[in-house]
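Below: one structure, written as structure tokens.
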Amino acid sequence: MNPEEFRQALLDHGIALTDAQMAQFARYYQLLVQTNEHLNLTAITAETEVYLKHFYDSLTGAFAYPKLQSQALTLCDIGAGAGFPSLPLKIAFPQLEVTIVDSLNKRINFLADLCDDLGLTGVYLVHDRAETFAAKGSPYREQFDLVTARAVARLVVLGELCLPAAKVGGAFLAYKASAVNDELKLATGAINKLGGQVAGTTKLTLPTKPEAEERNLVVIDKVAKTPGKYPRRPGVPAKKPLINV
């Protein structure tokens, strides 16, 4: 997917990028590849792959959660790495107020330089672990309209890490690959216990070659407060996931 194909694919979904926004994506790509030479940010570096598997993939969240396109939401991206999905969303929808959490300070420094270079305002960077960022007593707990995660961790783990940051009436948007049904079955009990309720899954395909890749965007509404004991201390959610609770 080259930049013009990226622009057209979004337009097909009603998202029209300006020339200035396209220039921001081009600069994002340039800085990502430059920095990646000395800091391991991504295994994907070819322009067509970055535009498809990072930029376009990040923006598919707006297909599943249309409020992103029109409302001035407070968005928290947990474990954003090189800024995905939150910074492509911020470029496309500048009214968003974005908080990015990552445990590696080098990535936070890259994101700070990137936001400065792109002229992005309303982006806040927090160097912290997901387990402690929205723990009981944290000023960030249950503060955000939408929490996103595009991580490889299982949904049952992501739910414990992300739902505590979402405000009641807000939501958690999980970007998952294929075969999400089994993950959902395992995670539903934990999601309910954490104050969440699965609202639905949007299935789509990325136009990759030789075969299209399946994506699933899971929207979990925050319907009740998360019990104070969650999330558990660092490392525990992944080692002892809340299965059969």
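One is the number of the first residue shown, and numbering goes on along the chain from there.
Positions of Cβ are set from backbone N, Cα and C atoms, glycine also.
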From R150, R154, the one annotated by Swiss-Prot with G79, F84, A130, E131 for S-adenosyl-L-methionine: R150
Distant-in-sequence Cβ neighbours of R150 (S-adenosyl-L-methionine binding site), under 8 Å, six or more positions away: D57, S58, G79, A80, F84, P85, Y175
For A130 (S-adenosyl-L-methionine binding site): intrachain residues, at least 6 apart, with Cβ closer than 8 Å: I78, G79, V101, S103, L161, C162, P231
